[in-house]
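Comments concern the structure below.
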Amino acid sequence: MRRKTASTHALWLLAIFFVALNLRPVITSVGPLFTVILDDLQSTNTKVSLLTSIPVFCMGLFAPLAFPLTKRMPKSIMPLLLALISAATLLRMMSTTYSMLFITSFVAGFAIAIIGPIMNARIQAKFKERTASALGVYSFGIGVGATLSASFSYAIYEKTSWGFALGSWGVLGVIAFILWLFIANDEIEQQHQQLQEVGRNPWKQREAWLILVFFGLQTALFFSFMTWLSPLAVAQGFTLAEAGLLLMAFSGIQMIGNLIIPWLVERFPKPIYWLFGLSFFALIGLVLFATTTGIWLWLGVLVIGLMLSGMFPLGLLLPLNAARNHTEANTWSSMVLSGGFMLSAVLPLLIGVVIDQTDKTYFAYIIFIVIIVMMHIIIALLAKEQKQVA
């Protein structure tokens, strides 16, 4: 029995990993090609920034639809969403007009929005005793997808075209679609029947709002770095190829953190303390990136990447830890992902607008510092709230 359970869990983790691979390339493949797209389409920083902000905004706007849609079609919803992501991404090979890029960003963002809360709830239901580690695998998959697309999109562009470089990541969706059908779909209806308990409305809970704001801020920081790290590095004198390597290092270090930090949190279960430490070192990394050159600049980028890699799974874990039953785990996660992603969609766009209006890249660093300081304040308020509840 134990061997069968372990085998089932391993297959589920494989399915989770491949689904997670598809949740960022449509966004993170844009960053290394930002300048290329900007020049080829004769566009503006603001419009190209929208290609990363729109899917993130959709991830917030449509997240509340996850559970109504799951109730209506529990077995078909995940394959349908994976097919949408794959199709939207592959379409970028066929048309490279700005309108097509915008539409595919919207469609992929819609699908990713629905997948997020569904995966969070199913991980909590399937891995009750090892939720943090399973979320680590999920975050690791997201990190791998982001790293692959951020690292190799420019190299693919050099051999083909930027449209092909953006669209080629749709192949990952085809693989995930097939794996999900064979591995995970048989158990979906059984898990779906667990949503019977009555839970607190998260929109009326102060703790849920604090978690939402924290999740939004840390996600905003991640997407902004993925979008703007390459352009900021170029502004500091890097070539496009060198900036691509820096982005690869930023993404690569996150894969390590996605696995190690949730594993450590399971063994030293004080999430608030971890968040204080991670955000503090992220601030140090940002100062190094903004004020130094050479090895210290690289070190700063690596520190920021490692810290952000821990904040994301912890942000997913916070609503699950606060929930009192399975229904609350679903509703609190849906609220946090919805509001958090909508909040995080604003920052990359804001940076683009500010740089367009001022032609000064240093404003991006100021915005990053303000975000990290705000995160410290929210973490402190969250610690106080949890102490009162206890």
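Cβ from N, Cα, C; glycine included.
Feature transmembrane segment, per TrEMBL, maps to range 49-69 of the set 28-48, 49-69. Per-residue confidence over the domain 'Major facilitator superfamily (MFS) profile' (8-387) averages out at a pLDDT of 86.
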